[in-house]
Amino acid sequence: MLRLVSKQKRIVSLKSQLTASAAVVNTNNRSFTSSNNNSTTTRNIATPFNAQINTKSTLLNQIDRSSTIKRYYAAKPVEITMPALSPSMETGNIAKWVKKEGDQIKQGDILAQIETDKATMDFEYEDNGYLAKILLPDGSKGIAINTPIAILVKNKEDIASAKEYKVGAPATEAPKAAPAAEAPKAAQPASKPKSTKTYPPHKVVGMPALSPSMETGTIAGWSKKVGDQIKQGDILAQIETDKATMDFEYEDNGYLAKILVPTKTSGIAINQPICVLANKKEDVDKFADFSVEQESAAEAPAAAQETSATTAAAPSQSTGAPAATQQSGSRIFASPAAKVAAASKGFDLSAIAGTGPNSRILKADVLEFTPSTKPSAATGAPAAAKPTVATPGSSAAYTDIPHTNVRKVTASRLTQSKQTIPHYYLTMECRVDKMMKVRKELNAQLKYSISLNDFIIKAAAAALRDNPTVNSTWMDDAIRRYHNVDINVAVNTEHGLFTPIIRDADKRGLGSIALGVKELAAKAQNKQLTPAEFETGTFTISNLGMFGIKTFSAVINPPQAAILAVGTTEQRLVPSTNPDSPFETATILSVTLSCDHRVVDGAVGAEWLKSFKSYVEDPLKLLL
């Protein structure tokens, strides 16, 4: 831009010189003609001056065209943002940049490789230009959708000027909004002094996403202390997710300079800074006063100015509505589950404050949101009095138990299930005398015991193999039928409800199932389950028979299509097949199948229960 201003000054100077030269030539021509009427002589003398003018005029025209072209090149750079490469993608990682700064980009070229929640995919750009600046390098993780990752310019000549481009800076050509009234400076809120301190090279480490369903985490404990060296693969901390406590292995080298979030801090959003790593050990002491607010103030002064401008403009509105959580007219970022929950409750997403990365609205935000009753702006009536809520008296003793991550996720998912899945229930009674007899004989021969629940898991897996429609899930465009039978088994612990998976249950024997359930149940009790051991099952079994519950209706575990609720066994008198005795004692087991009516029709659910009953009542079929 400085070169362009200098060029324009030289053009103005040259125009002035040309104008002066033309004046001299015209004066000489007139004075010569008056003293000598010889036209031939006049033309010969004037020719050198005219030629000089023509040459300078031609040069001036060329300079004018050059300056016009230069102004055309000075276009605003284009921000390339993180694309949404899958329907469930909320954040992405830059696995690798395929193009480097200065490379030409043509429509359809692969710009980078993006790691989504499902796979690593190519990012094909749909425009032409030149890659002027890469904002986020290889290996950057947890980048929210629509976050700028690179700068593109239309012309190669603009690459150098785009190096200084700052994300979020106002466009050069954008007209300034005329203020309605000059607001006094005193009305503007005093902004916090910006930090001018600079820190040595460092990395701010954010809360990692250690499971697909994780939205927030808790620091269970720090494995390293300030000053310790961190090598690639070292365990930095233990993170309590929505399902288990897991080790956070860091994938870079450095020295732990400062811990930003202490132990036992809960509700930490994904990518929220938790600690700082310095590149050199001697720089650790320089981060004693480091804070995220200081760094944000030093790196993003433009954002603070924009906030101040917005606040100052508010008094100019004569009848303004209460300030909304999301800026009116701006794009609202929300997870798919949050959008569904908001639509079902009739909430306006712009009124909900997001607690996810980059203020993204999560489903938990929607479930916790309480719409406020706004007074009528036309009448100016005072706000209606809030209804009085009865509170416990001073004599009533109680204890508020904070929600754990497991409890929050369980509440969110089951609320979603009951609100979005059309449940219906089928109950059937099964006679299990033969199964109890086989179980007793097997346990007498084995070093470990096989439970009644192990037989139920095996029978359910066989029934799913015979009726694959139940082994499916509802999607927006299709019903996805799974080829593998992975059964979640509900396990209650003091930390909450866990559902570890018995994978390929239809292909495993009773002994393998029994040992697998015991191992996973022990891990669940100690919160040591990994995501692969509790995510992505295709069917769930919940057994409350050990508590004496006869029958109950379970809530479907989304996105599955069915769940089997198993009650206790009881002794009953039933008609006997023995002619010598009219009655005999039978062991009866009651089960209830909860089905998603979008996927499993009533007749299909009945067929599944019929198949399940045949395996339970004649367990020898499980050997086939």
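Including glycine, each Cβ sits where the backbone N, Cα and C put it.
Nobody curates TrEMBL annotations by hand; they come from automatic prediction.
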Which range of 264-296, 297-329, 528-560 is region 'Disordered', per TrEMBL: 297-329
Residues flagged as region 'Disordered' in TrEMBL, choosing from 348-372, 373-397, 573-597: 373-397
Region 'Disordered' according to TrEMBL, located in which of 6-33, 174-201, 202-229: 174-201
Beyond the flanks of the domain 'Peripheral subunit-binding (PSBD)' (333-370) by 6 or more, those residues with Cβ under 8 Å of it: 87-88, 90-91, 142, 144-147, 215-216, 269-272, 324-326, 408, 411-412, 415-416, 419-420
Per-region confidence, the domain 'Lipoyl-binding' (77-153) (mean pLDDT, whole number): 86
